[in-house]
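Colleague: Handing you a structure now.
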Amino acid sequence: MLERVCKGVVSCSDIVALAARDAVFLRNGPFYQVPTGRRDGRVSDISHAANIPEVGDSIQLLKSKFRQKGLSDRDLVLLSAAHTIGTTACFFIETRLYNFTRGGGPDPAINPDFLPRLKAKCPFRGDINVRLPLDPVTEETFDVQILRNIRDGLAVIESDARLYDDRATKRVVDSYIGQRGSSAFGQDFAEAMVKMGNIGVKTGSQGEIRRICTAVNGVPL
């Protein structure tokens, strides 16, 4: 639809950035200006996927991956806090529940009162495609509850829980819990999103404006 109205003008990269902003705003989050003018890449390189943070990464690896992109420990916490909305699949927490320790036990960072709820959603050898909210407390609202969850052992995915293992990221998490920190959270999150959105941007004659977001131009479908 957009390509028919504004042919060759709006890139898929810009659509993703704008859609992310609007999704946050529609869930009671901040509205912020998104710089536009990005162009889409022409090449996909599987080796670059190794730079993407994964749910099982240690806190040291998470910090390293973010620093390689010019993002700080604060950015790591703020961008992880986007998990205040959205869902994950049992596939991504199966190891955390049933094979985290050498003896096959769960991640000890999980609150003991919360563990049975997670196991009920994702039983051993159950359907790994079942989805559950990343924030089990206020799953449809953009707020700082996800950071309280991390503090209280209620993080669903391992990478969120690991933010409380490190002195620097723990300090950032704690700084946003409470009235004063909560009021700054929205603006700081918006700034982190814009900062991330400016990484590796293609402009001018670089890349292209894709006609179909799932394929480079000129590829038969």
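Placed from the backbone N, Cα and C atoms, the Cβ positions cover glycine too.
Nobody curates TrEMBL annotations by hand; they come from automatic prediction.
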Colleague: With Asp135, Thr138, Asp143 listed by TrEMBL as Ca(2+)-binding, which of these, Thr84, Thr87, Thr203, is given for the same site?
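Modeller: Looking at Thr84, Thr87, Thr203, the one TrEMBL places in the Ca(2+) site next to Asp135, Thr138, Asp143 is Thr84.
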Colleague: According to the record in TrEMBL, which candidate from Cys12, Cys90 pairs with Cys213 in a disulphide?
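Modeller: TrEMBL annotates a disulfide bond between Cys213 and Cys12.
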Colleague: So, in TrEMBL, which cysteine from Cys6, Cys90 is disulfide-paired with Cys122?
Modeller: Cys90
Colleague: If the Ca(2+) site is taken as the center of the Cβ atoms of Thr84, Asp135, Thr138, Asp143, which further residues of that chain fall within 8 Å of it by their Cβ?
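Modeller: In sequence order, the nearby non-listed residues are Ile85, Val137, Glu139, Thr141, Phe142, Val144, Gln145, Ile146.
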Colleague: Within a 10 Å radius around the Cβ, which one of these binding-site residues has the most neighbouring Cβ atoms: Asp135, Asp143?
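Modeller: By the 10 Å Cβ neighbour count, Asp135 comes out on top.
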Colleague: For His83 (heme b binding site), just count the other CB atoms lying within 10 A of its CB, please.
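Modeller: Summing over all protein chains shown, His83 (heme b binding site) has 21 other Cβ atoms within 10 Å.
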Colleague: To see if you understand the setup: which same-chain residues, six or more apart in sequence, place their Cβ under 8 Å from that of Pro53 (substrate binding site)?
Modeller: Leu62, Lys65, Phe66, Ser159
